Each structure stands twice: as structure tokens, then as C-alpha cells.
Amino acid sequence: MEKGVLKRWIKENDGLHSQATRHPFILSIRDGTVDFSSYKRWLEQDYLFVRNFVPFVASVLVKASRESENDSDMEIILGGMAALNDEILWFKKEASKWNVQLSHVVPQHATEAYCRLLEILINPETDYTTAVTAFWAIEAVYQQSFSLCLESDSKTPAELMQACRRWGNDDFGTYCESLRRIADRHLAHAPEDVRKKAEEAFKLILQLEVDFWNMSFG
Ligand code: HMH
């Protein structure tokens, strides 16, 4: 089996990948200059995103149960779903801490565009390999971004440490590695057209993540 293709895709798309994982918004959290109104905008929109992300992850779980020969795929994805339950509770607590009314949030263009991709990926016609590759990409961008804000020389404001730990912590990193291995294993056996679709989804997600950060940054 070839060495994982996903690390190669990251290298081949280095520019876009860096824009997604080292975005000025994240760097402003890291250097302590973040504008809290940007953070609040991100919080509102990401709550909407996560509400749409849950059914997507559920669809990946269904596909894993039908298409994966490896039992551990389902267990890892199920662990991700369980974490999302906690994440939704966290968003609600965090919103009340910042006086943000989640029930009144209007989706911005970048959120709508991202949720439209999730809808396509939820479709039963989207194969498991593409769906699980997309799942990994979505989680890994956040993991890499927020882990920057936890580095020892970072000046992340205390108020934002919880958010950064949520996606930047080592356990979340290990979970993303597990997702990468699942996706790589399926990509290694996938026919060329499926690989192409998965690669397109990967690149599109990087762009949608950049647009999402841009929206928060204002
Ligand atoms: C936009 N991408 C976006 N929001 C998230 N919560 C994640 C990725 C990670 O779950």
C-alpha cells in the first residue's frame, strides 16, 4: 500500500492549506490582538455550521456501517459524534458568556456555501471514501489552526483558551490522525474517479474554511 495520499495532497496544495490553517484571524488570536467582535461573529456562525455538521457526520457513520470492512471506522466516527454533543452544549454556554443570542443568528454567505457542500456530501450518492476524506479535512483544519494558539510562545487571551483547547488539544489531534488513517486506507483502494472526487472535496473544503475565517474576521 502506498504511503498516505493525504499528506501529499496537503503538500501539493500548500498555499491554500496554509491560508486555511494559518489564517490572519487565527494568528490574531495567537498574538492576542484579536477583535472580540470577530470572535463573536465566528461563534455565531460556527454554531450554525456545527448544527449542519452533525447530520453530515451521521451520514458518514451510516456509510461506514455499510461500506467499511473495518469495525474501528464506525467506533472512531461514533466518538466524533459524541464529542459533537458536548460541542453543541459548549457553544450554548459560550454564547451566553459573550451575550450572543444563538436563536437569532442569520447565516452569512460563507456559512450557507459551506452548508450546501455538507448537503451534497450527505447524499447517498456520495461515496464513503469521499465523505470520510471530507470529514477528516474539516476536523483537521480546526485542529491545526487552534493548536497554533496553544503553542508556548502564543499570547492567546485567557477568555479564548477554552475554545482553542477544544480543537487544539492533543486528544483531538489523535482523533484527527485516526480519521486521516481511515481516509488514507480507503483512498489507497479507491478507483481513480473516486480519488478525483475526494481530492476535489478536499480542495473545496480548504477554500470554504478560508472563506469562513474571512467572514469572521470581517
Ligand atoms: C467551519 N470547520 C468549521 N467549523 C468547525 N466547527 C469545524 C471545521 C470543526 O468541527
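From the backbone N, Cα and C atoms, a Cβ is placed for every residue, glycine too.
Summarising the annotation, TrEMBL assigns active site, proton donor to E209. E209 (active site, proton donor) has a Cβ environment of 24 other Cβ atoms inside 10 Å. Classification of E209 (active site, proton donor) by DSSP places it within a helix.
A 10 Å cutoff on Cβ-Cβ distances gives D46 (substrate binding site) a total of 19 other Cβ atoms nearby, all chains included. The feature substrate binding site is assigned by TrEMBL to D46, E87, E139.
Summarising the annotation, TrEMBL assigns domain 'Thiaminase-2/PQQC' to 16-216.
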Ask   = Cβ under 6 Å from ligand 1: which of the binding-site residues D46, E87, E139 qualify?
value = D46, E139
Request  = Calculate the distance in Å between the alpha carbons (Cα) of E87 (substrate binding site) and E209 (active site, proton donor), and round it to a whole number.
outcome  = 19
Ask   = Across the listed substrate-binding residues, D46, E87, E139, what is the farthest Cα to Cα distance, given in whole Å?
value = 13
Task = For E139 (substrate binding site), write down the residues of its own chain that are at least 6 apart in sequence and whose Cβ falls under 8 Å from its Cβ; none is a fine answer.
result = G80, F172, Y175, C176, L179
Inquiry  = Return only the integer: C-alpha distance in Å from E209 (active site, proton donor) to D46 (substrate binding site).
reply    = 11
Query = Using an 8 Å cut-off from the Cβ centroid of D46, E87, E139, can you name the remaining same-chain residues around the substrate site, in sequence order?
reply = F49, V50, F53, L84, Y142, R166, W167
